[in-house]
Amino acid sequence: MITFPNAKINLGLSITEKRPDGYHNLETVFYPVALEDALEIRTSPEADKKFSLHQYGMEISGNPEDNLVVKAYLLLDKEFHLCPIEIHLYKHIPSGAGLGGGSSDAAFMLKLLNEHFQLNLSEDQLEIYAATLGADCAFFIRNAPTFAEGVGNIFSPIPLSLKGYQILIIKPDVFVSTREAFANIHPHHPEYSIKEAIKRPVNEWKEILINDFEDSVFPQHPVIGEIKAELYRQGAVYASMSGSGSSVYGLFEPEGTLPETDWGTNVFCFKGRL
């Protein structure tokens, strides 16, 4: 059985306050994008171990046990005593990009296991499991435009459609650590809340729908800011870094052709339509 976990972008990201536990409260909108990995499972009843993980495409560092698709399997196996499986994961969503690739893989793994083994878990139940794997994992269970707050784990659906808009996602060969991203963050409530800003026409978003991490990340990694500026020069109606980076996306009007640009070596580029 196979499924195709998709990426997400952040539409605005406001760091509103620092919490007593050291984490930060934020507001953002998660929006699904048709940039996809491929995830397949095959049962292996005679296998001498619970799982085997086979990875293809973009290289993923770390031990297999630390991969979120494995953690998702072990999470459900602990309760439902699942049959041993082979996991085949083809990575096309870059990691460390702010696109939620690992979280999406985990959420889609939960949904795949639920269907394959007929566990009859509801979406609400799957969201609870997903939330234990990562703050944004639960978003990918319903996989629809969502307003997120708290530490990115409190969700409410929003009536937003960008259907037809073209999207260009660029990720330079740059890694942004969480510590770097938060280094110069000054929590505040923006003039336009995320919820208010997204109600405005997309061509007004440039000045009012802001990702607070850009002020912290761009001075440390100027190439990311340069990509955003170039997307605007090439006609994007809105451009932003996604999450804490390092990918940047541009939204383009439904009509017309996306620009052909040489973004340099070791740069990931995705063109698609929302």
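Including glycine, each Cβ sits where the backbone N, Cα and C put it.
Lifted from Swiss-Prot, the feature list:
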ACT_SITE  LYS8  active site
BINDING   PRO94, SER95, GLY96, ALA97, GLY98, LEU99, GLY100, GLY101, GLY102, SER103, SER104  ATP binding site
ACT_SITE  ASP136  active site
Problem - Check: same-chain CB within 8 A of ATP site center, minus PRO94, SER95, GLY96, ALA97, GLY98, LEU99, GLY100, GLY101, GLY102, SER103, SER104 - result: ALA7, ILE93
Handout entry: Proximal but sequence-remote residues of the same chain as SER104 (ATP binding site) (Cβ under 8 Å, at least 6 apart)
Key = PRO5, ASN6, ALA7, LYS8, ASP37, ILE93, CYS137, PHE140
Problem - Local backbone state of LYS8 (active site), from DSSP in three classes - result: strand
Completion exercise
Most isolated by CB count within 10 A, of the binding-site residues PRO94, GLY100, is PRO94
Problem - C-alpha spacing of ASP136 (active site) relative to GLY100 (ATP binding site), in angstrom - result: 7
Problem - Per DSSP, three-state class assigned to SER104 (ATP binding site) - result: helix
Handout entry: Rounded Cα separation (Å) that holds between ASP136 (active site) and GLY102 (ATP binding site)
Key = 10
Practice task
Taking the Cβ of GLY96 (ATP binding site) as the reference point, list residues of the same chain whose Cβ is under 8 angstroms away and which are at least six residues distant in sequence.
Solution key: PHE175, VAL176, SER246
Exercise for the section: Determine the most Cβ-crowded residue among the binding-site residues GLY98, GLY102, using a 10 Å radius around each Cβ and all protein chains in the structure. Expected result: GLY98
Problem - Surrounding CB atoms that lie within 10 Å of the CB of LYS8 (active site), all protein chains - result: 26
